[in-house]
Amino acid sequence: MNYVMLHDASLEYYAIDLVIVLVILGGLRFFSGMVANISLHEVLSEQDNAAVGISLTGAVIGVAVMLMGAVAGDAGADPGQEALLMLGYGIVGILLMWITSRLFDHLSMSKIPIRELIGQGNIAAAMVDAGNLVATAIIVRAIMSWVDGSTYTGIVVVLAGYVIAQIILYLATRYRIAVFARRHPDNSLQREIATGNIALAVRFSGHRIGVGLAVTAASGIVVYATDDILFSLVVWSAVALGMFFAQTVVSIIAHLVLLPGINVGEEVGVQRNVAIGALEAAIYVAVGLVFVGLFG
């Protein structure tokens, strides 16, 4: 009996994928510096701007997570097609990370200049940006694994899924902003991020990643029908939205169980207690992981 599920053809495909991944990650660093019109070497090693490093880290992890979905899908018909597909998914991944960051800056967090704050060294702004990138990548990665990755049509479906992911994450942002406004009528979530509330940033990022994980469970429930892709996407969207709401409800219950008697609004929003912010973030991520385990 053969206990190793590898053969020469598989190794050839793996080698192609690994080389393409390294090229893409190198391209991400170059692209990030070019778009921001900065020297990453100078900003990271001379100015020691931790915020830029955190934001770039989110982008690198995001692209890597997306590529997990690409390499986990069906292989191309031949090594040449496999290389083109991987390169295509990688380029799409980099562009999606850039678009995600801009949408977050101009749409979700429209009242504060996220990119400018990161350039100024605002750790809180960098953390929410990185969390947003990773959450988006988690959802897109699930879609990449869900679709038929051996065809170029799969890239189109991934792009459609990306739009759906952005809508859900935008709703998640509106929810967090509304909750903060209810707890702190004289303040706002965006203002606190701008003033460097790291505890709030940790909680916000954890919530976002938790939502991303919960939404991916839709890929384990909905069947991808190649003969009716549009209907499959519609059903996937509905289930993903349902997972977002379910994750929110379960997280609220988990908060009551794990943090009884603690005024989390006061601790995070006013006292900037990073310990409480981190625990809340852990709850959101834990619930998301449970959803993945149950339904993914």
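Every residue gets a Cβ built from N, Cα and C, even glycine.
Copied over from TrEMBL:
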| type | residues | note |
| --- | --- | --- |
| TRANSMEM | 13-38 | transmembrane segment |
| TRANSMEM | 50-71 | transmembrane segment |
| TRANSMEM | 83-104 | transmembrane segment |
| TRANSMEM | 124-146 | transmembrane segment |
| TRANSMEM | 152-173 | transmembrane segment |
| TRANSMEM | 209-226 | transmembrane segment |
| TRANSMEM | 238-262 | transmembrane segment |
| TRANSMEM | 274-295 | transmembrane segment |
Apart from its near flanks, which chain residues at least 6 from the ends of the transmembrane segment (124-146) lie with a Cβ under 8 angstroms of it?
50-55, 57-59, 61-66, 68-70, 72-73, 89, 93, 96-97, 100-101, 104-105, 108-109, 112, 114, 117-118, 154, 157-158, 161-162, 165-166, 168-169, 192-198, 200-202, 204-206, 208-209, 211-213, 215-216, 218-219, 222, 224, 236, 240, 296
With the cut-off at Cβ under 8 Å and a gap of six or more residues from its ends, the chain residues touching the transmembrane segment (274-295) are 198-203, 205-207, 209-214, 216-218, 220-221, 243, 246-247, 250-251, 254-255, 258-259, 262, 264, 267-268
